[in-house]
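All remarks here apply to the structure that follows.
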């Protein structure tokens, strides 16, 4: 029996390249990549190049935890996190006092002179006084300027605002009180004659025919009415003048504001302002009488429908 020997397998060119590539990778994996790279670069060069380090031999960075083990942090109060922020008021609905303060600061430098005093003839001062009168507060007297309006002291400004609010409250309070008194007195006078004097409501035209008779129920009624009106008007003027509210109520008139604006162009109007203010005061007093007469007319009109 003859020995049979196997001939070595013939490797193809592709397999040779693959084996060569695997051997090269194995050498580089052993840390020889840098030497091989320098050997290749130095071939064909008469000058020795500097050492080059292969990226395969560079140490790969390892991920390290940056967390520092320390004590547990302080626990924050949940009320500080969960509490909602204060609501922001809508545009245009801010506090009126804050708006007045801003407007006051804007004109403060223009109102005050070089010596820090207020010039009564300054048109800006007059405009500010008109705005102050329009808010329903006790405005300054004729020809006077309230320098405390433009004070830099916030305490003084707060005091002036509180004083204005108090004067406005006093005006409304006393006017409402006198209104109740006027209505009660007029109704009492009317129903007293209606219930106690038979001829007061005997006919639709009894208040005309009774003028020629012995009893004059309508004349007596108007006599008591006139007496009550005089007493009420005098008390109204006394209370408002004593509290300093009578003049303040007159200064809120649109006529006085127009005259104050016109006096910037025609200074002669300042001469007539006291007269107009006095006329407006009398007009308010007569308005009380006219209002009570209107109530009497309504009562007599209702009386004419009862018979």
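Backbone N, Cα and C atoms are what each Cβ position is placed from, and that goes for glycine too.
Model, not experiment: these values are computed from the prediction.
Per Swiss-Prot, the stretch carrying the note region 'Disordered' among 41-73, 74-106 is 41-73. Taking the topological domains listed in Swiss-Prot, residue 13 lies on the same side of the membrane as residue 265.
Per Swiss-Prot, the range carrying the annotation transmembrane segment out of 132-152, 153-173, 174-194 is 174-194. Checking the ranges 21-40, 201-220, 221-240 against Swiss-Prot, the transmembrane segment annotation falls on 221-240. Packing against the transmembrane segment (285-305) from elsewhere in the chain are residues 178, 182-183, 186-187, 190, 194, 201, 204, 207, 225, 229, 232-233, 236-237: each is 6 or more residues past its ends and has a CB under 8 Å from a CB in it. Averaged over the topological domain 'Cytoplasmic' (241-284), the predicted model has a pLDDT of 79. DSSP assignment over the topological domain 'Cytoplasmic' (241-284) gives 34 helix, 0 strand, 10 coil.
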